[in-house]
């Protein structure tokens, strides 16, 4: 027995309450004989929804559709009502859980008819369960009472003396001297039910011939225990009871034509039902306030069933007749409140005295240990919680300050490095020449594979070997599979500088099997001084080199690594197979050799396709040099890098590649165009002070100033269809633009050093072999996407190259776009029921600064998503839960503003505000009217007035930058350590 007692004590410890809501069902009875001429105004439109069919008045405050756990129509049987609305709750009693089943409704709505059937079906199922579990011993006890005119009577006794109610600390409210019969079998129970039916008070009214004049409560108590010890799970004794409550119906004296005794009975019935409604309504709101259980004997007896230790099911019966519409609405209102009530049902375990003693001993030991070794005190008061939150806020502020300091430090370091580069290169002169062209193509390709930019087949990341590529004087794009190289630029440096390595602060080293690679082209001061001794040479032009590629099987992209702090990338360059003819390989190699010997000589492809591709620029002596722009089937993009501080303009190399040798396209470069460079600008005015592209690549800070110098506010680059445009831009205009950039650059970084000639860029057109059909599809898909996104290729002059469309646009466009987006956001606030305080903060914080673009965009997208979620209404016509929640929160905010007006505004201020908002000073509830008016319209004057008023009521200080950063913390972009890209910084 000791083990059994321990098991019982353990079961006592583990008997935990389970929270659940009251199960509410609605049964709609058919029209009776008295209602034959009346219309039916209620209809069950779904298994869970009942709807009012007639027209609802315009100012009606009640809904037209009601949703519950289950709704039964006039054709539903009592058996169906029991199976779907009460069976699960009724059978909980055999598992040791208390349960109660109510029937609630107006008089003559079918409550007694429903409860009689449910009681019979429950008894049959309980006895069926007992027969299927012979391993447990069941003891059933039955009692019955009625509450007639607030007097408790025993239905199993012929004595009509009212019984007293007693409060027991363990059992709760009990009825003194109540008869409790131990049942022998189900026939015995049926006989007792018949006795109760005969003893109950009934009477005749105008609405019902057999109207119940009292509340009836039938209680069936079941005690079960194991016949022998079968293990831990079946050793305890369980005791639970089920209550079948048939409430008397609410009635109106005018409808029932009651008088005398019937009138007195009706008044007591209505009073007890009113108390029941108060209790249910208070429980539906929570257990914070006082719950008037003791105002009625009915609620006092059923206290445990209403929000206590029991599972509860309520069946609300109603008449569909129009004459009872008001009583039907009251019934549905009661059901709506009841489904929000939460109960805490738990298994009732009975323990022996020894088991109870052991349980109490363990509990005593636990309490003593807590006293001796108290646990660390948690935040139990509001003050402690506030202190903890303040500490967290200070910690976050400290982290934010450290991050801002770190950002400023890095920014200053970058500025110093850029300034150092300006000083280093002010006296340096680097001449450009081509490498030895006498070597064969095969030898050239083999050497270039070790010295050039290359693309790894496994990683797809280009890199540069500084030891070989830079200091041996070649910049070559190479493909490991084809051994085909593109000579791009050659730089000669003295021998003593060829083996020095320089590490860029922006680029981490990439590793290759042959040597360490870095991605910076910056020279140190020592290298610059040595380079200044190199003789100066003028730049020469090398025309198109067409190279035929073989064995091309997969597409390949050159992705240039850019600094982490800039979003500009080398644009994707493509040319279709139709743009360039395909000569034999021998002719191509011969063409390469000839062009390397004589840079001014045209390749055969240029001669044949002169109209489609490029017009050869005239010789160096030509005075009227032109820069010609053409369109072809490919899209070629350029970047104008940031001007060098000494005042130089560099045009990025123009490289045409096939669809399988495409450079990755920057998202910021939306315009694709092609420029054919002129003959070498022999004039020192044109060629002097041109730094390497790679240096300019890392100086993006002065883009905005350069853009403003290139484009006036009213200047908008034109877009011309690429299939129809063929025009020329004179070199004078280009030189004028270059001079403008030179002046801007000199203003930004003045230098007294002599302007030296550096490298100019070359252009080369690459003819590529036709690939397989898969690659053709890839090119077609890309071109289709380009056509859809751009509509037509935008052709710009050299000054437009590489500048993002958002930057190159006129600065005057931002205020217009800002006002348009702000108006859309205000409209979305109105549609999405956005919080008023949030609207006020946002409206006052973001007033049109260009840096606010990201916050405006994120807010617009967030509200658009909320609006889409609002539009997805659930089945049954019920309002979206998100919409209901947002409306509730909005109403709470308005109530808060209503209260704040009393605290924050003086009487004079109130009168001025009322006059400004058009509220009559003689009207009532002026503060309530004002709180309902703010943020209800979308015109800008109303918005400004609303934001100003709310800011004053909530004591919103003048917006500062720190506040804006905290407000937009969720939208801040921060770099990720593992990639050179941006990601969202979550909070």
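Yeah, the Cβs are placed from backbone N, Cα and C, and that goes for glycine too.
Of the listed segments 634-658, 659-683, 684-708, 709-733, Swiss-Prot assigns region 'Disordered' to 709-733. Its Cβ placed at the centre, residue 112 (ATP binding site) has 22 other Cβ atoms within 10 Å. The C-beta environment of residue 110 (ATP binding site), restricted to residues of the same chain at least 6 apart in sequence and closer than 8 Å, consists of 27, 29, 317.
Same-chain residues at least 6 positions away in sequence with a Cβ under 8 Å from that of residue 109 (ATP binding site) are, in sequence order, 29, 249, 317, 318, 319, 324, 331. Each residue in 208, 249, 317, 319 lies on the same chain as 105, 106, 107, 108, 109, 110, 111, 112 and has a C-beta within 8 Å of the C-beta centroid of that ATP site, without being one of the site residues. Regional average pLDDT for the coiled coil (350-420) in the model is 84. Neighbour list (residue 105 (ATP binding site), Cβ cut-off 8 Å, at least 6 residues apart, same chain): 111, 247, 249, 250, 316, 317, 318, 331. Taking all protein chains in view, 24 other C-beta atoms sit within 10 angstroms of the C-beta of residue 107 (ATP binding site).
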